[in-house]
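A.B. asks: Annotated active site, proton donor per Swiss-Prot: E432, in sequence order. Under the heading N-linked glycosylation site, Swiss-Prot lists N252, N717, N723, citing sequence analysis as support. Marked as region 'Disordered' by Swiss-Prot: 1-20.
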Amino acid sequence: MSKLQQFPLSKGWSFRDSEDTSEDAWMPVPVVPSVVHQDLQANSKLKDPYIGFNELEARWVNEKSWTYKTVFQKPAAPAGSCIVLAFDGLDTFAKVKLDGNVILENDNMFLARRVDVTKALEAEGDHVLEIDFDCAFLRAKELRKQDPKHNWASFNGDPSRLSVRKAQYHWGWDWGPVLMTAGIWRDVRLEVYSARVADLWTEVQLASDHQSAQVTAFAEVESVHSGSHRACFTLSLHGQEIAREEIGVTENGTAKATFDVKEPSLWWPHGYGDATLYEVSVSLRKEQEELHKVSKKFGIRTAEVVQRPDKHGKSFFFRVNGVDIFCGGSCWIPADNLLPSITAERYRKWIELMVHGRQVMIRVWGGGIYEDNSFYDACDELGVLVWQDFMFGCGNYPTWPNLLESIRKESVYNVRRLRHHPSIVIWVGNNEDYQVQEQAGLTYNYEDKDPESWLKTDFPARYIYEKLLPEVVQEFSPSTFYHPGSPWGDGKTTSDPTVGDMHQWNVWHGTQEKYQIFDTLGGRFNSEFGMEAFPHMSTIDYFVENEADKYPQSHVLDFHNKADGHERRIATYLVENLRTATDLETHIYLTQVVQAETMMFGYRGWRRQWGDERHCGGALLWQLNDCWPTISWAIVDYFLRPKPAFYAVARVLNPIAVGVRREHHDWSVTHAQPPKTSKFELWVASSRQQEVQGTVELRFLSVNTGLEVRERIVHENVSIVPNGTTNLIVDGLIDHRVHSEPHVLAARIWVDGQLVARDVDWPQPFKYLDLSDRGLEIKKISESEDEQTLLISTQKPVKCLVFEEREGVRISDSAMDIVPGDDQRVTIKGLKPGDAPLKYKFLGQ
């Protein structure tokens, strides 16, 4: 008997170009996990591919094969134990050799692999571990050539990527570079044990009244020799053991224990309650000796997707612990192209930003990776719901038998690895593969329910999404909802707004509609939509080295924007709405204003629709983050610097939010003639679970003078509908013949005497307004060691006051509209006495 021991193989590696067999070709690897681009940079063989045009200088790496090698000593292995070589992730085509003998061949980046090397390590002393990483870029092309009959329809990247189980964005996307990584991208170690807990998971049954829960813990045990093992299960809350049970392990290597929990503390998404985590542990014992112990945290909660017929079609929204949740949030792409560089701390900072921005759901997009455990741990601990795609994106995937088997193993492994996370509330089969099917005219008959027949069509990938994956989820995580694709809705056209989820790209892409009408373009759940914006100047300074290149249309800036047609799209939305500028800093700011306004118009309207029989169940913007310093749809850039849209979304997602808007007048199709009258509406959206009383004020303030142009409207003792929308004015009228000067509609709401939310509706477009000479005043009214409070006032309405984003500094609010008679406070944390004040900018400055 021996207690499980782990020996990390993170040091002592070297690598070389596989074709260069000379002894001096070997270069040191600083640490594993790593990928080849990191190791080449560490050896000064590659420049930072994120700077300038260096991505092009790194392209040679994409077509190379690489060999990694280390030498280790055989670990001490007591009698009756085994030695296992464990890889948590190999990227991607890897032939593993131990002392010259092939012990493993890998072709799937998303799989962990384990090899029993007990016999291979019988000899004492040094052993050589060598891994040949074949070129995935070239292998993919070979695989594609082998199946010329398959329709390789796809968006983004080389279509051959569909043949390889590797992160699809490595082939390049419309927001990221082409960097074909290879290497030991997750941990590698030796394990010595006589028996181990191979898996630990729970199944939770929560009573409908939430007063009790039944927690069943399961353990799967592997042992070298048969014998009587016992499993001691413990259940803990906040570090305190609350239950314990010891049970024998069955002959087939399983054990389970059931715990009854009275008055359980539930897991809630943030804003709805505490994200309480219980911990289950199992200690594997033999003759009272502990051989292995494993612990996992989980939550007691229910989660479902509610799909029911209604007046709008068929609903699609999330319900957690019986409470309907409007899921405002973002889509997530991998946070780096060089994946091992993402630390647990960096993951947590991203999720903390989600909470700071009042976003309740993050969608792990299907062209990236099944994320690191630390990502999901942060979501669990901070109360962020996870929409989890399987890793299929924008293509018609082949279904060769060996590929299907690899996909099955991949999906089983990752569903089992992640099933204990209470944050994961949905598994989704793919990203936009059904859109590829539609656009390529591939065969799809929803009424055909014979999976074997799907494999014979020109859209065989349907078998993956409607047969293979749902069976895996049902077997290994039966309480988690499965959705065949995103977007998808009952086999109907993916753009159908009455059912399922939809990706609404007719702002920016498609018909390039006005962002002011975004809310009219949505569906039952809007899981993608977006608008590009430049990152802050400090980020551009990182990747643009030459000062002469710092102008809006420079070659290097265009190179760092991978979206097709971005020039004309950015220009269109700028010219339609704003007074354009040629200096880079102002251009950056103007693109950010457009993005912030776009997100505000979408979220504000869709959240209002939540109150109309759950017409809109949620909105996940594209995208939260970047994988390199770039110009993209991200609302927070690669360096975790929020763009103005981040703050605009946070305000709309306030637990109680007031909204005001006048009807859209499309100036661009009416010869810019102003309307004679305009209708306006006023409402309150609330995610509170109880009715509250509030006072709502609406003022009409001149843009030119800051004075009120008509009598304000005040609604006192308003009963705010819980978890819904309270419409206060639906037929308001502005007569522009009487009130001819441009004016804003400024709304505020007080609850229990506290001002809780604001909204300001502006005349559109901004380019017709003179926004200079605002009389803005910003005063520092308090200061401590690392916190300042600013008081902001103005004589005339100010649009989109944006503060500088500085490393280590967090701002409570930015991208703000300031109106006379409504001073606002902003708290700045991380700015120390003596530090230079944050710069700021507003529209028209």
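Cβ coordinates are placed from backbone N, Cα and C, and glycine is handled just like the others.
Just so it is clear, the model here is predicted, and its values are computed rather than measured.
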A.B. asks: Long-range same-chain neighbours of the residue listed as 'active site, proton donor', Cβ under 8 Å, sequence gap at least 6?
C.D. replies: F155, G393, C394, G485, S486, P487, T494, H503
A.B. asks: Where N723 (N-linked glycosylation site) and N717 (N-linked glycosylation site) are concerned, what is their Cα separation in Å, rounded?
C.D. replies: 18
A.B. asks: Radius 10 Å, atoms counted are CB only; among the glycosylation sites N252, N717, N723, which position scores highest?
C.D. replies: N723
A.B. asks: Could you state the CA-to-CA distance between N252 (N-linked glycosylation site) and N717 (N-linked glycosylation site) to the nearest Å?
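C.D. replies: Their Cα atoms are separated by 66 Å.
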A.B. asks: Would you list the DSSP helix, strand and coil counts for the residues of the region 'Disordered' (1-20)?
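C.D. replies: The region 'Disordered' (1-20) comes out at 0 helix, 8 strand, 12 coil.
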A.B. asks: Provide the three-state secondary structure of N717 (N-linked glycosylation site) computed with DSSP.
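C.D. replies: N717 (N-linked glycosylation site) sits in a strand per DSSP.
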